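Participant: Pasting in a structure now, in structure tokens, and then I'll have a few things to ask.
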Ligand SMILES: [Zn+2]
């Protein structure tokens with residue numbers, strides 16, 4: 001029997017760590033959702049000692065979860081982790097210190113953490129303690145998973161994921177009705193992706209046209225519904241709207257301009273929504289870069305825009321789109337309608353900044369994911 005390929009097994013354990021980290025995307029903010037796997041035993045006869053993922057609300061961190069589960073067995077083990085272990089003292093001591101104290105012999109890490117409180121110091125601390133450290137395995141996959149965290153740290157705003165459904169001839173339908181373009185399996189996939197975002201954002205036009213719930217409607221996943229955000233410069237959202245009435249269960253944040261009346265704000269607050277004022281443009285629209293900086297300051301890392309073609313194109317004009325998922329159904333509108341992809345978005349997607357990361361079928365729908373290079 002030939003000796004096992006260490007690189008192959010490293011990749012396998014890192015893939016597992018990445019899958020673990022993805023589980024809590026949408027739940028760990030303001031912290032990144034990280035995966036960690038502890039592996040012990042001699043090469044060829046290794047076994048998984050423990051696994052961890054950053055817990056909802058961002059603590060404890062993945063490494064802590066895995067180290068606690070492994071206990072004494074962590075001595076001499078290898079830690080696979082999808083992001084650099086932290087080195088700064090927060091509410092608990094740093095994960096790098098906990099890893100050293102547990103006697104871990106080797107750390108395989110997918111990427112550096114750009115957080116200025118860490119930024120290489122976690123890896124350096126491990127190496128100084130005599131731990132064998134290697135950085136960068138499956139780094140591109142990790143960076144895509146950590147796009148929200150990295151964008152918030154480096155740009156002060158959450159990453160923006162657009163979702164647009166279109167007919168086979170390229171037209172959008174209205175609001176959540178747009179999902180009717182898609183088949184039931186595609187809708188389930190869209191709801192699953194919603195659960196992995198920190199917030200879903202729409203414009204007030206979508207609320208007025210469709211009164212959408214914007215929740216995760218999958219069995220057992222109702223508690224995974226993210227924050228709902230409405231961009232509503234003049235406060236036209238009715239207090240009777242579904243996403244206002246249900247805000248005790250799933251919070252709703254309305255971003256208004258200074259021109260929205262105090263009375264409207266009070267009525268929405270009384271109905272359970274949170275109203276915040278953000279800057280507007282000269283035309284009276286929500287200033288998108290300012291609104292996203294506001295959301296970044298609140299700790300949001302991953303915002304999904306389901307607001308339809310108009311909001312999508314406005315985000316593209318400001319170069320605020322990080323990923324764009326186009327869901328193309330098999331039905332045809334057969335007459336001129338509102339194009340799902342507006343001129344600004346079309347230009348961005350055609351530029352060298354974007355590439356198609358994946359394309360796959362879900363039931364009768366084609367999912368095409370355009371990703372901006374980091
Ligand atoms: Zn940590």
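The count begins at 1 with the first shown residue.
Glycine is treated like the rest: Cβ placed from N, Cα and C.
Caution: TrEMBL annotation is automatic and unverified by curators.
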Participant: Let me know which member of 210, 266, 353 TrEMBL also records as binding NADP(+) at the site of 165, 308, 309, 310, 311, 312, 313, 314.
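Facilitator: So, going by the record in TrEMBL, that would be 210.
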Participant: Work out how many Å separate residue 194 (substrate binding site) and residue 165 (NADP(+) binding site) at their Cα atoms, rounded off.
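Facilitator: Distance between the two Cα atoms comes out at 14 Å.
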Participant: When the Cα-Cα distance from residue 63 (active site, proton donor) is computed for each of the binding-site residues 165, 306, 308, 310, which gives the smallest value?
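Facilitator: Given the candidates 165, 306, 308, 310, the nearest one is 306.
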Participant: Sequence gap of 6 or more, C-beta under 8 Å: which same-chain residues meet both conditions with respect to residue 312 (NADP(+) binding site)?
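Facilitator: Non-local contacts for residue 312 (NADP(+) binding site): 162, 164, 305, 321, 324, 341, 342, 345.
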Participant: On a C-alpha basis, identify the one among 61, 206, 214 that is nearest to residue 310 (NADP(+) binding site); the candidates are the binding-site residues.
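Facilitator: Given the candidates 61, 206, 214, the nearest one is 206.
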Participant: Just checking the binding-site residues 61, 86, 95, 165, 308, 314: which sit within 10 A of residue 206 (substrate binding site), CA to CA?
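Facilitator: Cα within 10 Å of residue 206 (substrate binding site): 308.
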